[in-house]
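This report concerns only the one structure given below.
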Amino acid sequence: VYNSLCVVLTLWFVFWGQSVILAFCWVYIRKFQSRQESEVVSTITAICALAIALITSALLPVDIFLVSFMKYPNGTYKEWAANNETRGQIEDTVLYGYYTLYSFILFCVFLWIPFVYFYYEERDDDNVNKCSQVKNALKYTIGFAIVCVVLLLIGAFVPLEAPPGQNSTQWEKVQYLFEELGSSHGLPALSFSISSLTLIGMLAVITYTAYGMSVLPLNLIKGTRSVVYERLENTEDIDDVEHQIEKLKSKCNDGRPLSSRDRHNLQELEGKLQVLRRKGRHLEIAERNCCTKVGSALRPFKILLGIFFILVALLFTVALFISNLDKALHSAGISSGFIIFGTNLTNPLNELLLALQPVFPLDYILITVITMYFVVTSMAGIRNMGIWFFWIRLYKIRPKKTRPQALLFLCMILLLIVLHTSYMIYSLAPQYVMYGSQKYLVQMPSAGPTSGNATLGTTRICDAEAPEDQCTVTRSYLFLHKFWFFSTIYYFGNWAFIGAFLIGLVVSCCRGKKSVIEGEVEADDSDLSDDEYVH
């Protein structure tokens, strides 16, 4: 009955979890989408890409649950999982799940999103018809497709075992490469491609997730500025700018034209006055808005939530630091990818997950919350920073004013971040991500004087010292550590992540409170853009 209940709860969680993910994606994209530049194709693409990112991130907890669910707490396999063939089928199902979702990610990153992006870029030219739009978009997308094919071929034909000797014929060497490809069912090809994208995702995690982990909780704690005070301050600024404009215009009352410098200053002041008046309209709407009043009423809850988030961020940082320190002290170094099996230093997050194992499903809920936390903080980081290419700001992410290209970029970045999230979580709790809550039996000789050759069975938590047939490794771990040189880069990326988080924490602490209409009014907006707020 207990096993059936666990299965039913898991299926219920998966079904409703996917429904919630799709609903969240629709609401999130519609919240930030520009009403003036929205298009059906780009909207559907953004929603689907974001949903794929979230569903992929939810696969890791399912993977850990399935390998843990095969065994009883006493370390023995359950009746239905006692057969190696049955366990192999379950592992293959999870593997095919990774294949499917990772293939979708490759399709989105290299084909779907680039095609829609370039198609929409071509749409800005009024002289281009639909056929030309499609041709030009396909022309640019082919470049991304070639990169994808190259990565797959490199991953497929890089041998993971020793090649044949020098005396082998050329045909035997070629046959060996195809056998390598077929024996692994394409796992190295897909793993190499995904690992290459994960490197880009690592840069996005260092840039956006690290900053989001600091800015999200501190914004909740600090809150926003008072609407009444902002309106009063804005009114004073309007009066001051109007006075400066009148002073400049008074110079030409006698018929003399203004100098080029005065004309430039007058133009800047008129533009500033236009922005201030738009800001005043938005502040007036915000003051009457029910959401602003509800937000003020929920202020204590936001403070508590912000304190909780900052404590979680500090816990993650400490756990990541201990994990990296453990690798630096006890791994074989760069040549092994800093890989260690198990934990040698006490990792608080890993210990917490292991401590929650006896109470189903607390440990799975926690690992799911951790995964979603990384996604939410990544969204917060992108929302606050915008989309950058080195020092050039490409797009801003603003409620109801985000361009379709920016939403496509946002979803692509989240897809890449999700790929690196699995390694981040492995770094936070390596033993748990490898084996879940599995235990195995160890036969030890009895200590009694009359026991003779009797043995006593004791249970231990699965680790690298366990027999291979007693503990099942998660499929996620196989994808993460197929190539040692990627693991080495990820290791140094974790140190960069810790540094970026600490820098972001200092910057977020030094900044003041946000405006209640943060991101709604910018100098490059048009007066027509206010229509979507007024109506």
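For all residues, glycine too, the Cβ spot is worked out from N, Cα and C.
Copied over from TrEMBL:
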COILED    231-286  coiled coil
TRANSMEM  6-29  transmembrane segment
TRANSMEM  41-70  transmembrane segment
TRANSMEM  101-120  transmembrane segment
TRANSMEM  140-160  transmembrane segment
TRANSMEM  189-211  transmembrane segment
TRANSMEM  303-322  transmembrane segment
TRANSMEM  364-394  transmembrane segment
TRANSMEM  406-426  transmembrane segment
TRANSMEM  483-507  transmembrane segment
Range from 41-70, 189-211, 303-322, 364-394, 483-507 with the greatest count of C-beta pairs under 8 A to the transmembrane segment (101-120): 41-70
Stretch among 189-211, 303-322, 364-394, 483-507 sharing the most Cβ pairs under 8 Å with the transmembrane segment (406-426): 189-211
Top Cβ-contact partner of the transmembrane segment (41-70) among 303-322, 364-394, 483-507 (pairs under 8 Å): 364-394
Dominant neighbour of the transmembrane segment (483-507) in 189-211, 303-322, 364-394, by Cβ pairs under 8 Å: 189-211
Tertiary contacts of the transmembrane segment (364-394), as residues 6+ beyond its ends and Cβ separation under 8 Å: 28, 53-54, 57-58, 60-61, 64-65, 204-205, 207-213, 215-216, 219, 312-313, 316, 349, 352-353, 356, 406, 409-410, 413-414, 417-418, 421, 424-425, 428-429, 432
Averaged pLDDT, computed only over the residues in the coiled coil (231-286): 84
